[in-house]
Structures are given as structure tokens and as C-alpha cells.
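Feature annotations, courtesy of Swiss-Prot:
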- 52, 53, 54, 55, 56, 57, 58, 59: ATP binding site (BINDING)
- 1-33: transit peptide (TRANSIT)
């Protein structure tokens, strides 16, 4: 990832003036003014972080907030979504869903650039935050890669220590943060989320997932040394499938063995996605135990309504209406209060 670091330049000084915030809910204009580090040592620049496991709606919420707290821009902290060219594989938020909000470190690097380390992400994201704050814009960081989130926000960061490695102690989590943070955790109860994720895999396949995975397939790549985008769920599973059934065989008739192998591959991808949820949630809980103040938002009802494609709990509301009421409105109030704090 050496070539990525050439994008870095000396960090900008923080003006530390956060944006004038307007909302669509008729609230008065909110102004939060903070002096820079040189003016008052106890005042830190403000950053909003949206975290959570895969498939909970983090990207959607980041756009919802950015369009209500203008001017705001979004910084991606998903380690797979930094890559371009494989938008279905990495489940990158499509342009038409970005709401016209500028996104940083999203679909920016080629897979051949290598793997971005937490230390490199810290440098790149810090530069983006500095530029936004100096332009009086609110930085909204969004992503479920907890190693990136910890690296970016921790006041004390050791690139040689992985605080989420098996057996690592709680003391490896730095509770002192570099910024004054409002951290929102979008959560969904596992049985509902697992069904949603399985459906999402099916939708990704319909959108061309297998074709993109075929482009990534390289028979000479050591399966034990996966780096960068090749760590994305689905790559390993379909690599095994493509070794037996190369893509050029698609025009032929699928026998029972091939159909069974394909179905087993898709099943393995779904199961691995659900296991990832458990790992991500464990890391979030470790951050909380380590002293991070994280506000949980329960999006279960909204996701369940989307699954049912009808009503939730007899209220006659669709998933988007429930999302607006229980996630967006609550988040707006939390962020408004956060921006008013000195």
C-alpha cells in the first residue's frame, strides 16, 4: 500500500469551527464554535462516527445525517469499500443513494494497490478530517471496520498492536480519543439481521456478484495469502468453485454436481457473513468495555418491515417510515445535542 501514502501531505492546521447546522425538522439554526488546539488544549474537534455490523444500514444513516446537518461530508472506514471496480462484491453504496454528499476514501483505490493498514488509514482519514474541519464542514465517519475506527480515533495508537486480536487484553483499547466524538451504533437483532443478509446475498447475485467474483479469480494466487479486496466474503468461497467449474464453462449444461457445488458455495458465503456479524459485534462490545461511549440505535423493526414488505407490529408503516421515526429522528436529536456541547 506504499503508493497510497503518496497521497499524504503535511497535515493541515485545524480551524476547529464546526458547521452551522440546519435540519429539516424545523429546529433553530445550531452553531457550535470550538477553538483550535493551539487556543484551548481541552477543546477537541468534533467528529460523528456511525458504526455497526454489516447490513444494518450504516451507509444509509450517514447520508440521512449528512443531508440534514449541512455542510457535512462522509469518510468511509470500511476496509473493503476503499477499493473501486468491484462495487457489488464490496457492497459499496451506489452513487444514486449517496444523496449528492461527497464521500472520501470510498471506491478510491485499485485492488492492485495492496492492503491499507490501520496506520495508513489513520493518516489518510486524519487528513480528510482536517480538510473538512478547516472548511467548516462536519466529518461523518462511517464503517464497520473496527480496527480502522480505533486506529483513527485513539489518542494513543501503536501500529504494532492489534487490539482485536484473539487474547488481546482490554488495556489495548485506548479510551482517550483524539476528537470529541458522537458514536452511533446501528444494531439489529441477529435472527432478523441474518435473514436480511441472506436475502442481500441473493440480491447481490442477481445484480452480477458472480461475474465480478469471476473477474477477481486468479488460479495462481495463494489461497492462504489473501490481501486487500480478496479478503471480501465471497472471494474465497467462489475461488474454490471456479477451480472446479471455470467461468468459461457457464454456457454448458449444469449437471447435478455443479448445481450442488454452486448452492453449497452460496450457502457458505451466507454462513460466513453471519459469522462476521458476531465478530464485529464482539469488537464493538470490547470498545464499550474499553471506555468508548457508544449510543445504540435499534433498527430491528425497520429491517423486519423491509423483510415482510408490509407492516411491522400492525402499525401499517413501511420500513422507510419506521427507519425515519426510530433511527433518523433519534440520531438527529443525538447529533444536535452533541453539536451544542462545548
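Just so it is clear, glycine is given a Cβ too, placed from its N, Cα and C backbone atoms.
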Residues that sit under 8 angstroms from residue 53 (ATP binding site) by C-beta distance, when 6+ apart in the chain: 144, 187, 188, 193, 276, 277, 280, 281, 284
ATP site, defined by 52, 53, 54, 55, 56, 57, 58, 59: further same-chain residues with Cβ within 8 Å of the Cβ centre: 144, 186, 188
Neighbour-count leader, CB within 10 A, binding-site residues: 52, 55, 57: 52
Most Cβ neighbours inside 10 Å, all chains, among the binding-site residues 54, 56, 59: 56
Other CB atoms within 10 A, centred on residue 58 (ATP binding site): 23
DSSP-derived class (H/G/I helix, E/B strand, else coil) of residue 58 (ATP binding site): helix
Three-state secondary structure, which DSSP defines for residue 52 (ATP binding site): strand
